[in-house]
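Engineer: This is the structure I want to talk about, given as structure tokens.
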Amino acid sequence: MSKLQPARGTRDIYGEDARRMAAVVDCFKATATQYGFEEIQTPIFEFTEVFKRPLGEASDIVSKEMYSFEDRGGEEVTLRPEFTAGICRAFISNGMQQSLPQRLMAWGPVFRYERPQKGRYRQFHQIDAEILGADSPETDVDLIALAWRMMKQLGIADDTVLHLNSLGDAESRQQYRVALVEYLNQHKDNLSEDSQRRLETNPLRILDSKNEGDREIIKDAPSVEDHMTEEAAAFIASVQNGLTALGIPYVMDDKLVRGLDYYNHTVFEFITTALGAQGTVLAGGRFDGLVSQLGGAPTPGVGFAGGIERLAMLMKAAPAVARSVVLLPMGEAATLKAFPIGEELRDAGFDVVADRSGNLKKRLNRANKNNARVAIILGDNELEQGVAQVKDLDSGEQTDVALDMLKTVLAPIMSGDAE
Ligand code: ATP
Ligand code: MG
């Protein structure tokens, strides 16, 4: 290996990328907290079974994207390809059904063996919110409102369109499946190989196909809407009413099925045209059967996951680095004295960076380049008199300040209140 590179589909995240991604997570945490969510951390790997059945053997993730391996003890484990199944497993393992509903938030890396491209990686990061133990359509509205509020805070809500659909309840889905298979069978020979296979295993998934030929056929496919039970129709209508009451714009999209088996009733995606083919930034839906499928007591659930990289890319401006105070000790005695001075200023809440190398001119240049706000120059002579020079790096103004007055003098400058 002549050049050390990260593995395909993975990347090092630092600098502006890291700041953008941290801003997304911070905003998500703050917003979800406002809606009563609490953090949960589940393991990055789980027994493969946790994902396999719930997501569906025929789903893209299970059939070709999971990082699964046998560990040294012979256990079949998988790096999490998403959060929901692991969180439901944790819900059961920890007896969380004792207190419902549970509003849980999580964030971190997820892993899928995909063809890497812009906005599509093998290790990527998601924010995730799940509400377990609440079956009302209003719960779905709360969850979408949380996503919407977060994206507004990030300044990206208007760059996305909320697509909404209902997969109905089990009965609606069964009826729809029959109608869909009947229609698709008439076009079987023109379907892609993948879709022909899915006609047997998972026909709903065909609606999700990205194949051009498939898309032509799908255009005229029957719609779930026409096969909805009264109950299921009332459910999605309540979701729509809630969104309207909140003024959250959405479009109904009867071809939206989501890539996983566990969804029923509400499904939704926030889609953007700004990121090419990687248009879905945040997506989710209701999964009333998942907890019982994993072996827990029947518990309704609804949740979403957002791609942190994609949300971060949509943000217009990268968050700025906080402007700091630089400490420039110019002699031996000053170097030692600068340690406690730095700590005292940090106690007062300032970001303080010491720079001890090179002559004064070099250090001031570096401070300007790093967008520092103020330089404190500490010379051995000045120290003897108990003073330091404070240089405002924006105005260039330089004044002698008594050491015990440093905090007071810095406060208005650092908070932007200086005239
Ligand atoms: P896509 O259709 O783009 O493959 P998906 O339906 O597989 O997305 P979900 O399983 O719903 O995606 O995951 C939720 C979010 O995670 C997506 O909306 C997207 O923002 C993000 N995401 C999914 N896969 C990747 C990936 N490989 N790299 C980066 N982000 C991803
Ligand atoms: Mg995918």
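Yeah, the Cβs are placed from backbone N, Cα and C, and that goes for glycine too.
Just so you know, TrEMBL annotations are computer predictions that nobody has curated.
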Engineer: TrEMBL records GLU82, PHE83, THR84, GLN126, GLU130, ARG258, TYR262, TYR263 as L-histidine-binding residues. Which of ARG72, ARG112, ARG115 is assigned to the same site?
Structural biologist: ARG112
Engineer: Just how spread out is the L-histidine site if you go by the largest Cα to Cα distance in Å among GLU82, PHE83, THR84, ARG112, GLN126, GLU130, ARG258, TYR262, TYR263?
Structural biologist: 21
Engineer: Among the binding-site residues THR84, GLN126, TYR263, which have a Cβ atom lying under 6 Å from any atom of ligand 1?
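Structural biologist: Listed by sequence, the hits are GLN126.
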Engineer: Quick one: average pLDDT across the domain 'Aminoacyl-transfer RNA synthetases class-II family profile' (22-329), no decimals.
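Structural biologist: Averaging the confidence scores along the domain 'Aminoacyl-transfer RNA synthetases class-II family profile' (22-329) gives 94.
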Engineer: Indicate whether THR84 (L-histidine binding site) is helix, strand or coil by DSSP.
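Structural biologist: Looking at the DSSP assignment, THR84 (L-histidine binding site) belongs to a helix.
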